[in-house]
Protein chains: 2
Amino acid sequence: MKVIETIQEMTHYTETAKSSGQRIGFVPTMGFLHAGHQQLIETAAEENDIVVVSIFVNPLQFAPGEDYETYPRDLSADKRAAKAAGGSVIFAPSADEMYPRSMSVRVLPAQGTDVLCGRSRPGHFDGVLTVVQKLFHIIDPDTAYFGTKDAQQLALVENMVHDLNSRVRIGRVPTVREADGLAKSSRNENLTIEERKEAPELYQALYTASAQAGVGISAEMIEAAACEHLTTHTRGSVDYVELLTYPELTKDIAPGKTVILAAALKFRHARLIDNLIFTWPDNEGTAQFKA
Amino acid sequence: MKVIETIQEMTHYTETAKSSGQRIGFVPTMGFLHAGHQQLIETAAEENDIVVVSIFVNPLQFAPGEDYETYPRDLSADKRAAKAAGGSVIFAPSADEMYPRSMSVRVLPAQGTDVLCGRSRPGHFDGVLTVVQKLFHIIDPDTAYFGTKDAQQLALVENMVHDLNSRVRIGRVPTVREADGLAKSSRNENLTIEERKEAPELYQALYTASAQAGVGISAEMIEAAACEHLTTHTRGSVDYVELLTYPELTKDIAPGKTVILAAALKFRHARLIDNLIFTWPDNEGTAQFKA
């Protein structure tokens with residue numbers, strides 16, 4: 001598995017591939033690849049001639065005191081996982097290669113950051129959008145793939161691409177789940193045996209609560225139902241349960257609009273997130289699930 | 001002169017041109033073209049096969065109360081001027097075409113905005129960088145041309161391109177001057193006869209003051225000398241005179257560094273700007289002018 005470490009070589013690689021008519025798929029990651037990443041890579045491999053997997057733990061999206069230094073890294077395992085899933089090349093630049101000097105600009109989201117995970121991580125999504133825009137310019141992919149599990153990140157990236165007229169197409173890849181419904185995540189390994197048994201209740205809570213959407217049921221009632229399900233069926237503490245429009249991430253919910261019901265649940269050593277995206281029912285109908 | 005009004009057609013136009021190996025030069029403007037713009041277009045025409053001239057009065061860079069509504073517009077004259085200078089096509093989108101909805105993101109300069117013209121126009125350069133990034137994505141030029149007269153804008157665009165790894169090359173085009181040294185500008189037409197006689201003193205002040213740079217002379221002394229020259233020789237009021245590093249636009253001036261001495265001078269109905277870029281002398285030397 002070829003690993004490219006410099007921006008110059010990466011740009012040259014994709015320029016050469018594109019000039020010979022090859023389609024480039026791109027999967028941005030922070031490494032420590034799991035089944036969810038592999039699903040992204042597999043989807044990219046099905047739809048493109050070349051798949052670039054970036055592995056870059058982006059300091060710009062970590063606040064002081066967050067786990068930038070201790071974020072897990074394992075390039076050897078990542079090379080095997082990326083290759084097995086159909087990746088063509090890994091782009092693994094150093095922090096100095098990506099940020100040789102203090103950044104003179106940021107790509108700043110104007111909305112959709114004071115909700116969900118953004119509320120507890122101020123500045124996080126500035127760092128995400130800025131590095132994603134840099135990687136798009138360096139790699140110049142036809143399509144970049146993001147998972148719907150990180151729904152807020154996906155929404156903000158889709159909004160950025162639209163509003164900055166980027167030519168990159170965004171591929172949405174559905175959440176990969178265990179047989180019992182738990183969304184795959186490297187953080188699942190930090191659950192105790194008892195917590196692991198309860199963890200599928202996160203998905204169950206979202207599913208059961210959103211199925212109640214209908215005549216006379218408010219967003220707040222859905223949120224409360226999911227929250228109660230979680231406190232009743234798990235020992236975790238609820239970080240948030242929120243129902244918002246998608247991808248705008250506002251409270252302007254109306255019949256026929258696409259909405260997201262998202263939650264974060266904190267266990268002892270693992271904070272899990274999950275979401276469901278569905279159409280808010282009109283006066284007669286019931287919820288239609290999209291992901 | 002072909003005028004393209006939609007993003008889709010503009011993107012298709014340059015994609016087609018690039019696929020046949022043609023080099024694209026790009027000159028972004030707000031229209032009402034004068035000799036300075038024509039110099040940019042001529043330079044672009046010399047170095048490229050196709051020159052796209054955008055004409056877009058960008059609402060995002062005007063603050064409430066500024067002259068967005070009354071900013072002069074004359075597409076017929078602009079078509080003639082662009083054609084005469086060697087332009088190939090005009091991109092003139094509507095505000096709704098460029099901003100079909102409220103922007104979800106901004107490109108925000110992290111530094112260099114609280115000096116020079118940015119001090120009196122908060123948010124102005126966010127709007128400039130955001131629209132420039134949009135235009136770069138829509139047009140995908142090989143080289144984009146900016147005048148050194150708008151030195152702060154040029155510096156911020158160069159920093160953005162560097163830090164976001166944009167593939168667009170930036171072409172710096174020297175300030176075009178009248179025979180008496182006055183920098184060309186559409187605003188010069190708003191000078192009275194007496195003011196027009198004094199206006200060349202702006203350039204003279206910068207030139208005379210910066211020539212004093214040398215052993216034992218501080219940045220503040222240069223600024224004061226230029227300021228005194230302006231108050232002595234003109235009836236205008238000095239908006240600012242600043243000596244900064246270039247393109248960082250900081251006060252960290254040191255021997256051998258590239259610096260800019262810039263000034264803005266307000267006459268009754270016209271605010272004029274000008275600048276000189278030169279190397280701050282080392283212990284023995286004198287200033288070397290760059291532009």
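Glycine too: its Cβ is placed from the backbone N, Cα and C atoms.
Annotated features in TrEMBL:
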type	residues	note
BINDING	A:30-37, A:147-150, A:Val176, A:184-187	ATP binding site
ACT_SITE	A:His37	active site, proton donor
BINDING	A:Gln61, A:Gln153	(R)-pantoate binding site
BINDING	A:Gln61	beta-alanine binding site
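Cβ-based crowding with a 10 Å cutoff singles out A:Leu33 as the top-ranked of the binding-site residues A:Met30, A:Leu33, A:Val176. The recorded positions recorded for this entry are A:His37, A:Gln61, A:Gln153, and the Cα of A:His37 lies nearest to that of A:Ser186 (ATP binding site). Listed in sequence order, the residues of the same chain lying 6 or more apart from A:Gln61 ((R)-pantoate binding site) and placing their CB within less than 8 Å of its CB are A:His124, A:Phe125, A:Asp126, A:Gly127, A:Val128, A:Val131. According to DSSP, A:Leu33 (ATP binding site) sits in a coil region rather than a helix or strand. The local packing around the residue listed as 'active site, proton donor', expressed as other Cβ atoms within 10 Å of its Cβ over all shown chains, amounts to 28. The local packing around A:Thr148 (ATP binding site), expressed as other Cβ atoms within 10 Å of its Cβ over all shown chains, amounts to 20. Ranked by Cβ neighbours within 10 A across all protein chains shown, the binding-site residues A:Gly36, A:Gln153, A:Ser186 are led by A:Gln153. A:Gln153 ((R)-pantoate binding site) and A:Leu33 (ATP binding site) are 18 Å apart (CA-CA, integer value).
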